[in-house]
Ligand SMILES: NC(=O)c1ccc[n+]([C@@H]2O[C@H](COP(=O)([O-])OP(=O)(O)OC[C@H]3O[C@@H](n4cnc5c(N)ncnc54)[C@H](O)[C@@H]3O)[C@@H](O)[C@H]2O)c1
């Protein structure tokens, strides 16, 4: 290990179980010397797995529904008390679409579900940043990362309303990144991750086929949750102190590959 986060204090959202990307980020942040608070929606806490992660990493858990400004305020106030100072890094690893859960086609989206998806998966990022800024809870040069997916740039029919929601999330990173950067040099980026076998990921219709397809396209293959966590750690570290307002692809080269010899072979075309 490199002690990249030695002495840094963080807040990590979204660790549901061992497959969660946030779970891996917490393990790596611990290995790199950070202290942090774990948080998730109160309903996710009942499953109890997060307690094992808290024990393993010596962390406390503060429940907070990411759509609720009051609970987010409590999260930032309490985290600073527990960790003994301002927050140096925040991971937003939250995603949920009711339209996807209920298998509703994009063109027939239910608008109450759509609004819920926006609130949970994108507006929550704005709320989190706004609460932190009002409380002046993030230290100068601090780093905030949210996880996103390439459907924000290219169409994947089965990703339905989440594509629009991720586009909004990425836009919030840029817009808030400007203001928070000017005021406090706080960096805000999104990491656009490969398909990953997690609860949120595998909940998407046809995920298995799409996972295999992306794996066959990307020269390095799909990036797994552990390597995503490594990338997030570099973004939390001082080594990336001038990187902000970016959408950073972490996908084994998928996003810039047109076609691969594997895919052509599957189509019966000799590369
Ligand atoms: N798995 C993939 O293929 C993939 C690819 C690219 C990006 N992502 C993104 O990575 C992030 C993490 O997802 P994951 O794949 O690790 O799945 P996951 O299911 O393990 O994590 C999603 C988390 O969101 C939390 N959450 C849902 N509603 C919430 C609320 N109201 N308040 C607070 N937390 C809430 C859940 O409890 C869960 O911990 C998401 O933003 C997802 O869109 C995932």
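Any Cβ shown, glycine's included, is placed from N, Cα and C.
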#### Entry: Recorded NAD(+) site member, picked from 14, 85, that accompanies 20, 21, 94, 166 in TrEMBL
14
### Query
Any idea which of the binding-site residues 21, 94 has the thinnest Cβ neighbourhood at 10 Å?
94
## Note on the structure
Checking the active-site residues 149, 159 for other Cβ atoms within 10 Å of each Cβ, the smallest tally belongs to 159
### Task
Would you mind pulling the longest C-alpha to C-alpha span across 14, 20, 21, 94, 166, which the record has binding NAD(+), in angstrom?
18
### Message
Neighbour count, 10 Å Cβ-Cβ cut-off, for residue 20 (NAD(+) binding site): what number do you get?
### Response
25
### Query
Can you count the other CB atoms that lie within 10 A of the CB of residue 166 (NAD(+) binding site)?
25
